[in-house]
Every structure is written in structure tokens, then in C-alpha cells.
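Copied from Swiss-Prot, the annotated features are:
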- 1-53: region 'Disordered' (REGION)
- 10-28: compositional bias 'Pro residues' (COMPBIAS)
- SER29: phosphoserine (MOD_RES)
- 66-86: transmembrane segment (TRANSMEM)
- 104-206: domain 'C-type lectin' (DOMAIN)
- CYS125-CYS205: disulfide bond (DISULFID)
- CYS184-CYS197: disulfide bond (DISULFID)
Amino acid sequence: MEPAREPPARARPPPPAARPAPAAPRPRSPAEAEARGPEGLLRRSGSGYEGSTSWKAALEDTTTRLLLGAIAVLLFAILVVMSILASKGCIKCETPCPEDWLLYGRKCYYFSEEPRDWNTGRQYCHTHEAALAVIQSQKELEFMFKFTRREPWIGLRRVGDDFHWVNGDPFDPDTFTISGMGECVFVEPTRLVSTECLTTRPWVCSKMAYT
């Protein structure tokens, strides 16, 4: 009787091949790094990074244009106002007094050359937005004395028994004294004198200086 045969030995499977080690990552170029960075992601994702920048630039440009437009409108309005003022004669405000007028204190004075009666002199002053001179202080009177070579009319006249200035103020006899018995007053080099209003002589206008 033949002996029992042993079953053949099973062949062992070959061991699995070793996996190759992963390759080292390739260094990124600056362009790739920028593309993978936050700004690149924003550009790729369409979140509007570049759009946001251009939007801000557009907004700033619009704001600048609006500001320049407002400045242009303001300058135009100023020119219009200046033109209106100039047409009304306010261009004279550039100097304290009109031409041929003399500045003293806060007043402008006009000393006429031609002789006229008191009322004519008063009317002349009125047409030049002034009045026959009203003297309000001793210093003003002393200033007037310096320009009285031709003894001009001033804005002082008798009303009844008392003298009054043309602006309605009463005359103060304690401040000034008046010689003569006439109705209208003129200035001599050292005093005030009253005489007939129809007498012809130069006159002095006064008004407030431009400020």
C-alpha cells in the first residue's frame, strides 16, 4: 500500500512592492504664489477685489468732479454778485472816500470851489449821498478851520430862535459859539458865523467813509 502523499506546499505571494516616496513639492514661482494668495483667490473667485479697487477709484473721481463743479458754481455766483454791486456804484467801496474827497477820522469831506447859496450847496451834497458838514466835536471843528480859506457853508441853520444841524441834532452852544444874526452858518478861520442864506460862498459836504 502506497504511503499517503503530502499536499504540495502553497507558494507564498511575493511581498508587495515598496511604494515610491512622494516627490518633494516643487517650489512655487512668485506668480503662482501671488495667484494662490488671498488677493489671487479674490481675483479668481470673482469677489471683486480688482472691481472694488476700480469702484473706489471711480467713486473718488466722481467726488472730485462734484467738488470741482461746486467750486465753479460758487465762483460764478461771486462774480455775479460783484457785477451787481459794481453796477450799483459800490465799486467805490474799494477806497474810503470818493475821488476829490478828503478823509478825516471816519468821515469824508468835499470842499467845493465855486460859490453858491446855502440851499444850492445843500442840494449838491444830497445828490452825492452826503450832507452839508455836521461838526460833532471840537477836533472836527479845528480840522475844518484848516480848510476855511474861502469860508464855506456848513450844515447849520437857525430854526426859530435856535440853531439846528441838517441831520436834526440841536446845536450845543456850550461846544461852539456863533457870531452874526443870519440864518445860515459858515466857517471862518477861527469861528462860526451866521449870515443870510442867499449869500453865495463855497460849501463843505460830509458823509461817513466806506468801510
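A Cβ is built for glycine as well, from the same backbone N, Cα and C atoms used for every other residue.
Small disclaimer: the values here were computed from a predicted structure and weren't measured.
Where Swiss-Prot records a feature, it is marked here on the structure.
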residue: CYS125; record: disulfide bond; DSSP class: helix
residue: CYS184; record: disulfide bond; DSSP class: strand
residue: CYS197; record: disulfide bond; DSSP class: coil
residue: CYS205; record: disulfide bond; DSSP class: strand
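Ranked by Cβ neighbours within 10 A across all protein chains shown, the disulfide-bonded residues CYS125, CYS205 are led by CYS205.
Take the CB of CYS184 (disulfide bond) and look out to 10 A: across all protein chains shown you find 26 other CB atoms. Across the structure, CYS197 (disulfide bond) and CYS125 (disulfide bond) place their CA atoms 16 angstrom apart. Of the recorded residues, CYS184 (disulfide bond) and CYS205 (disulfide bond) place their C-alpha atoms 15 Å from one another. In the predicted model, the domain 'C-type lectin' (104-206) shows an average pLDDT of 93.
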